[in-house]
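Structure, as structure tokens:
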Amino acid sequence: MGSLDEEVIHYNDWPNAQGFDVRYEERSPVELPVSGNIPAYAAGTLFRTGLGPRKLQTDAGTTFRVNHWFDGFAQVHRFQIHAPAPGEPSVRVTYNSRSSCDAVLERIKRAGKDEGYTFGAKYDLCTSYFQKLQSFFRPAPKPRKADSLNVSVTLSANFPGLNTNGDRLNAAPERDKIVSLCNKNDTSYFQMLDPQTLEPIGLAQQNSLHPSLKGPSSATHAKSDPVTGDVYNYNLEYGRTGTYRVFTVSASTGQTSILATFSADASYLHSLFLTEHYVIICVWNAFFSLGGTPIFYHMNIVDALAEYDGTRPATWYVVDRQPVEAGGKGLIATYESDPFFAFHTINAYEEAGNHANQVDIIADIICYDNHDCIKRFYLDNLVSDSPTAKGFSDGAFAHCGATIRRFRLPDVPSKPIDQRFKADTVFVKARKFYVELPAINPRRLTRKYRYIYGMIDTGKSTFFDGLVKYDIETHKDIRWSYHGQTAGEPIFVADPESEDEDGGVLLSVVLDGVGGKSYLLVLDAKTMKEVGRASVDGVVGFGFHGTHVPAGRDEVALQI
């Protein structure tokens, strides 16, 4: 047995373990020390998802451990960036946070295991084959309390069609302040949070928006139009063949319309594309066994996925954004491309095609050669002091790297055509580093653009080790990376007085692994140089995504 004071060894002396096992909360807002000069236009509220504790002591005296990054216990964080005011010439930042799944934690403490929906929970070695089958055919219980779901992947302010506690809202949400906040994952559930205290206050499902949206799965990354605020997504119903229903929720009326319904093999699709006139659902290679029923019957996503089949093309479904009752044409065209797996789309836009009245769709996405990357995100492969992380980072990591790929869907027909066209691969870039959680200037959504921002992994640590600005015209990049500093997803806040695409700042929550605390980092989006930071008196767990709601601006309803 080793000594109690035995030195803990972190891979490359880059500690990140604190960010995967967090017990720090600030349930009432506290003032954060600010250094540098945070620009006044960044004023507003940054909501962030995060992780809570990795280990729980159960009532039976055992220890429950989270195995996969995507299954971490949910926390939500709120950074309020206050504009200068009389007597306060500089920007101030206040912060509060809390767990959003307290009932889940209590349930696991009592039961000694997690009986809810998970992404990659591992079976106990003592679980018999019969017990696994018994679990498979036992439908998952429907949650009742607002904090009885472990949901914390993306956050939306003022989601149209839902009121503060998740009831149906047949009216436009307010646009000059935050009246509702919802927490989402890849299911059809919405967890409603108090936007001030972050307390869970309600639950809703997509079928409350429209009765046809009865499937259990959806994309956690809904898309919203940057002008109107209308929201677009799909709902997936499992069966022998999957049924995809593409829908929109009007920001002006709260009404939901089904744009198209089509059948295709059920697949794990975390995001989708939106252009000025089309919604594009790409069914890439993350197909479920048995039509997806293992998820409905209480298995996790990792075990429900079929083996990756590199011979099957990705299929792209192009849907008219206009509702049928307004003259919409439904499913316009279907394309096939080289196979890949993905989590995150980046952007899509339209260009003039080769024929009159037709356009080409340009679609950019973070792609993988297969879905082995899902296994990379087991925590034993990510935590810096894990005995297995070193071997994984030194070797297996190379097989999980992502690339930036551009596809062209040529000559989208003006009327529906029942045949499959070919989508072309325009380029595959950035193999020298692993980029994920991409962001762009939100003013460029659905438009031609130049710059991609994201987290990068260059092999310095067991997790991500910096931020990047990538120029998709020159294929050059600028990076922010400092030893022991693990940054989260960058969120772009545009400078309202700048016409430049990269005119603005990036907001990222960073763990100082050496100092043992986190801070809100503010970078100049042109230079990737720090302009300011706000220091937190504790650790903000490694979550996934966030949203910035500008202060007093008519953009609140657009933050999806």
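The count begins at 1 with the first shown residue.
A Cβ is built for glycine as well, from the same backbone N, Cα and C atoms used for every other residue.
On a predicted model such as this, the values are computed, not experimentally measured, just so you know.
Annotated Fe cation binding site per TrEMBL: His221, His270, His344, His545, in sequence order. With a 10 A radius on its CB, His221 (Fe cation binding site) counts 19 other CB atoms from all the protein chains.
Apart from the site residues His221, His270, His344, His545, the chain places the Cβ of Val153, Thr154, Ala219, Thr220, Ser271, Phe343, Thr345, Leu437, Phe544 no farther than 8 Å from the centroid of the site's Cβ atoms, the recorded Fe cation location. Taking Cβ-Cβ distances under 8 Å and a sequence separation of 6 or more, the neighbours of His545 (Fe cation binding site) in its chain are Arg48, Thr49, Val153, Thr154, Leu155, His221, Leu437, Glu489. Around His270 (Fe cation binding site), the C-beta neighbours below 8 angstroms that are at least 6 residues distant in the chain are Asp186, Ala219, Thr220, His221, Ala342, Phe343, His344.
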